[in-house]
Amino acid sequence: MEIKDLLSKDLMIMNLKSTTKKDVIDEMIEKLYENNVINDVLKFRSEIMKRELESSTGLGEGVAMPHAKTSAVNKPAIVFARSTTGVDYEALDGEDTYIFFMIAATEGQNQMHIETLAKLSKLLLKEGFIDRLKSSESPDDVYKTIDDYAEESELKVAPVETSSIYTEKPFVLAVTACPTGIAHTYMAEEALKEQASKMGVDIKVETNGSDGVKNKLSAADIKKSTGIIIAADRKVETARFNGKNVIECPVSDAIRNPKDLIEKIVDGKAKIYHADESESKEVEEETTNWKSKLYQDIMNGVSHMLPFVVGGGILLALSFLVERFFSDTSPIYNLFSVGGKAAFGFLIPILAGYIAMSIGDRPALMPGMVAGFIAGQGAGFLGGLLGGFLAGYVILFLKKITRNLPKSLEGTKPMLIFPVFGLLLTSLGMIFVISPVFTTINKAINGFLANMGTTNSILLGALLGAMMSVDMGGPVNKASYTFSIGVFTDTGNGAFMAATMAGGMVAPLAIALASSLFKNKFDEKEKKSAVTNYILGASFITEGAIPFAAKDPLRVIVSSVIGSAIAGGLTQAFEVKSPAPHGGIFILPAMESVDKALFFVLSVAVGSLVSAIIYGLWKQKAE
């Protein structure tokens, strides 16, 4: 069975209308239903969303692979969809997604299509494959791309998997498994094999897919191996690895970071696995999942809040500018001020509402937003954040205690029980517990910040600036930005916002400067892409430096952190305050004085120059 047997032209959407994750999924499911691939839309959608809750099928690099295996599928099929604008699909790399393959797999004994789906999964890892699909204008273009890469894949000689038993090369074993065993299992296999081949390491990968265990590891393999990578999101047989060096990780880690995993095994950095400790390992895994879920919930709130931060913040900055040249009675001032203040009024309710929704789904949105509104009266940003969690878990509690209601009363849950009792219980918790406590904490924090000495202020500014370049859009970066927004929202003090913004501008500007100052260190492709970082850096878009950090992480991140710390610290030394939480150089006219605007530019320039010189001197010459 070929890929084209599952992917007919009728199942291709060359220009997606949808712009959100939910709508993209619904549009592709509708295409399946129209072509009689599925017989129960609700059941199939439920299985798709269940898989998404376990971990996003947005694999990064612009591609997503939502999939489900259920009796709601009449015949196995694949939907191809292409977005020209990109969709926030909660991908693993945080970037927009452009290419989607929705897989509908059947239950039962006939699993011939699983091998075909595995082939498609492996093609997604081939260099240039996704870019070709992005530029495809017709179904024929899609077929041509698949044919070209499938043929190239067949012509390649696969690396020998067991030769290390007879040579001195490291011999690494791996086990891959994802919940449905359709896509990620085989993508992880391919990623590990390709990386091992590049590193001169022999590898054997056991896949625990929907079609059963393939390439099973033998006792001889395990005995002779250097170590084992278990990249699995579900239970696999592990007792056989007792006493061996073992790394356990999510299957997505093997897709995204196969080199790190193989290096840890080869370098002997993996822990010895003891079968009798499996229970403690399960607890550790649950803890990791709990931490991951906590971060995901918070980021759901922050990501939905950001448009209000950016839009409202820039309008407020413009209103300050208009006020300076005209007056606060000007109609133009009111236009900017009213819109900006209104957007800022939604910050905490939106944050709390979408944190709650991430936990308790749609019924939790309303009580979460109300919790945020109550927090805005004194408990502030931290109170709103905690209020979102309260509302989410209140709804989960209500779902649990009402799960055995008669079917005739199911309709009362979303229309009556969840909104009324969810709001009541959340409000009680906010009014009598969270608001009093966090109002007091807020006053203490405000007092501390107001009386902070210059030295402490500079140190905190340097720390916030440095954090912006540690992972460039990741958890540490977001923690710095979220803290600064919280202070800005609760106190109106933009000092730490200035440090955060300056720190976030340094990395892309430093890359651009380095490419101009050290031209012999960059190839032509790097020089062209580096120039765009002047614009991205000036606009406070830190992520422009990510491609360089991915290629040369040590040099880029270390040099950027140093420069960002300098920039953040200097803003505090010069007592610069940002009038808005976003905007980069575009907020300069709205700063309290020309001197402060120049000091902000000087802080960013010094930090960027230091970072550029360190990176330029440290970077190896282009080949």
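Placed from the backbone N, Cα and C atoms, the Cβ positions cover glycine too.
If you look up TrEMBL, you'll see 5-149 marked as domain 'PTS EIIA type-2'. On the 0 to 100 pLDDT scale, the domain 'PTS EIIA type-2' (5-149) averages 85 in the predicted structure.
Per TrEMBL, domain 'PTS EIIB type-2' is recorded for 172-267.
According to TrEMBL, the feature domain 'PTS EIIC type-2' maps to 294-623.
TrEMBL lists 301-322 (among others) with the feature transmembrane segment. Distant neighbours of the transmembrane segment (301-322): 88, 330, 332-333, 336-337, 339-344, 346-347, 350-355, 358, 385, 388, 478, 482, 485, 579-583, 586-587, 589-590; these residues of the same chain sit at least 6 beyond its ends, with a Cβ under 8 Å from one of its Cβ atoms.
Here TrEMBL flags 342-360 (among others) as transmembrane segment.
If you look up TrEMBL, you'll see 372-396 (among others) marked as transmembrane segment.
Per TrEMBL, the feature transmembrane segment maps to 416-438 (among others).
Feature annotation from TrEMBL assigns transmembrane segment to 496-518 (among others).
A Cβ distance under 8 Å defines the sequence-distant neighbours of the transmembrane segment (556-576), meaning residues of its chain 6+ beyond its ends; these are 454, 457-466, 468-470, 472, 495, 498-500, 502-507, 510-511, 545, 548-549, 591, 596, 599-600, 602-604, 606-612, 614-615, 618. The annotation transmembrane segment is assigned in TrEMBL to 556-576 (among others).
What TrEMBL lists as transmembrane segment is 597-618 (among others).
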Grouping DSSP H, G, I as helix and E, B as strand, the residues of the domain 'PTS EIIA type-2' (5-149) number 62 helix, 34 strand, 49 coil
